[in-house]
Structure formats: structure tokens, C-alpha cells
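Take a look at the structure below.
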Amino acid sequence: MLTVPQQTIRSGCKINLFLEITGVRPDGYHELVTLFYPLSEPFDLMEISPATHGVTVLSERADLCGDKNIICKAWHTFAAAGGTPPPMQVRLAKGVPDGAGLGGGSANAAAVLKLLNTAGGAPRFSDTALAKIAAQVGADVPFFLHNTPCLATGIGEKLVPAPLDLSGWHLVLVCPGVQVSTPWAYNRWDTLYRSGLHHPCGQLPAAHAPAACAQLQTTGPDRPVRAETGCAGRKKNTCRSLTTERQADSKPVSRALWLFNSFETVVFSAYSELRQHKNTLLAHGASAALMSGSGSSLFGLFRDKAQAEAAMLHFCQRSIAVYVHRL
């Protein structure tokens, strides 16, 4: 019988640099186009120990224990696919907040799948096969197997690496402690869309997203990418950059992309404090700010380190969790 060595695994999180809901499938799942970007902090810690049978998740939080944890789902899905996962106990210490749109649980699942796949030495499944298993565990799980910037389509499981270079920028991630239910956010979007109160049109049409990502490295400030907008009847326009800035930039943030999130309209209408946090990031000098996923976390992109640190201090003084990343 295979055994897993005792070890501690650290799993991070992600943000969505843009997210547009493009439709609803007959089975109720939502199609989208999004750009995942991995972050190393906040993070969860998983202490892995060998066990006699099955998989057990322990935590100081009772709601994380038991078979409903996504870690258990990953273990059982791996076994059902023909793998031979070693018995293990996982002691989980959460650092990634729940209901924040950061994918902490998905990152846990991906880390466990990678561990299981190499438990016997040589990988049991190919990268492609493991990604298919990951998609059965959760829509965001395949991304964390890559853990590099990726364009995602479908329900988030169809991934293409994105040549995105944000080096030199400072990212301020704000985690307000508000939990936003992803099913609630989708249902709210459906209600507003079907009532005509919220048009599903985003600023980055799905059909142009792959081409936009392909040009991230080659598009300069004097050569903006042109693309149709997502709403019928609009004329062809020159795409704005990821930020609202116009100055010359040897490393444009993303002249081909729109910074957009379909969930902001519906989530901000119910959680007005999140809109205020976004405005605070912009007021402190962020070149751009956005909510990640279905919320509640938000991030701002800063050129200036001092401005990023000032924004961090603002939230720290109000006992709001905040993280600064130099990209």
C-alpha cells in the first residue's frame, strides 16, 4: 500500500483580472471568460500525515472537517478515476478567507491532487488527464494545477496560458471579511439579467479575449489593439488599457484588456461597503481597481510603492485584512 510522507503544503489563491459572464448553459451552469492570476498570499497550510485508511480533514474550524471538504472530494475523485491515493490525514489551517472570490478551497484541492499523482514516484496521470479529474472536483481547480496566469473560458475549466507581464507593479489585495455566496451572486445576476435590469454585456467580448491575451506582450502604448465591444450595435473602438492611464509605458499593463467584472453590479448593490473599498483604492492612487470573482475581495494596481503602502495602512487602521504584492 502506498504511503504519503509527512509534510506541510502551502496553497495560495487567485484573483480575476477580468471576468465576464457570457451566457447560461441548459444545465444551469454559467459560461464565462476570465483571466486568472495566481497570488502567493494569503495562503492555507495543510499538514499531511499518513493514515490507515481513507482521508480525514481536521481543523480548528468545525465547518472544515468531514467528508464535505473539497480536499476529501479531490481524494475520492482521484480514486474513482483509477488512481490509488494513499490514506492520509490533512490538518488544515485556513489563511485564505471564505466567500472572498480567491479560490482558496480550489487551491487546496489542486495541491492534494498533485500530491496524490506523484505519491508513487512517477506521475499516475498525465497533465491532461489530471486536469480532467480536477475539473470534476471544481471549476477553478484545473487553474491551480498550472498556477500561472491563464485565460479561462467555458465554466472556467478551459485554460490557455496568458503571456501577462505585470512586473514592477504593486498589487494591494483587500479582504474585508464579508462572505459573498457564489451561488447567490449567480442567481442575483440571473434575476437582474432576465428582468432586463442588468444587461450581461461586458467590456471584453469573449470572442476577442484569446486574441487580446495573445497580444499582451507585443502591444505598445502607440499600437492599441482594436476589437469589437460586447454590445450589439456599438461601433468598433480602440480598446482601453487595463488601467485608465495614457502615459507612455515600456511595459503596458494590458493595452488589449478591459478591467471588468460582471459580478460588481449585483454584488455592490447588496454590499455597498465593497464599492466604497474599491473607491478607496482608486482615491489612494490605484491605476485600476476591481472586485475578484464573485467577491468580496478587491484589488488595486499601483505604479507607486508609497501609494500602495498608504492604501495598505488605510485598511490596516480599520482592521481590514490587506496584502501587498510586488508583481
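Placed from the backbone N, Cα and C atoms, the Cβ positions cover glycine too.
Copied over from Swiss-Prot:
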ACT_SITE  Lys14  active site
BINDING   Pro97, Asp98, Gly99, Ala100, Gly101, Leu102, Gly103, Gly104, Gly105, Ser106, Ala107  ATP binding site
ACT_SITE  Asp140  active site
Listed binding-site residues among Pro97, Gly99, Gly103 whose Cα sits within 10 Å of Asp140 (active site): Gly103
Secondary-structure category, per DSSP, in which Lys14 (active site) falls: strand
Long-range Cβ environment of Pro97 (ATP binding site), under 8 Å and at least 6 residues apart: Pro42, Gly104, Cys175, Gly177, Gln179, Ser297, Ala321
Largest tally of Cβ atoms lying within 10 Å of a Cβ, found at which of the binding-site residues Gly103, Gly105: Gly103
Length of the line joining the Cα atoms of Gly101 (ATP binding site) and Lys14 (active site), in Å: 8
Per DSSP, three-state class assigned to Gly105 (ATP binding site): helix
Candidate with sparsest Cβ neighbourhood (10 Å radius) among Lys14, Gly99, Gly101, Ala107, the listed recorded positions: Gly99
Coarse DSSP state, helix versus strand versus coil, of Pro97 (ATP binding site): coil
Spatial separation of Gly105 (ATP binding site) from Lys14 (active site) - C-alpha basis, Å: 11
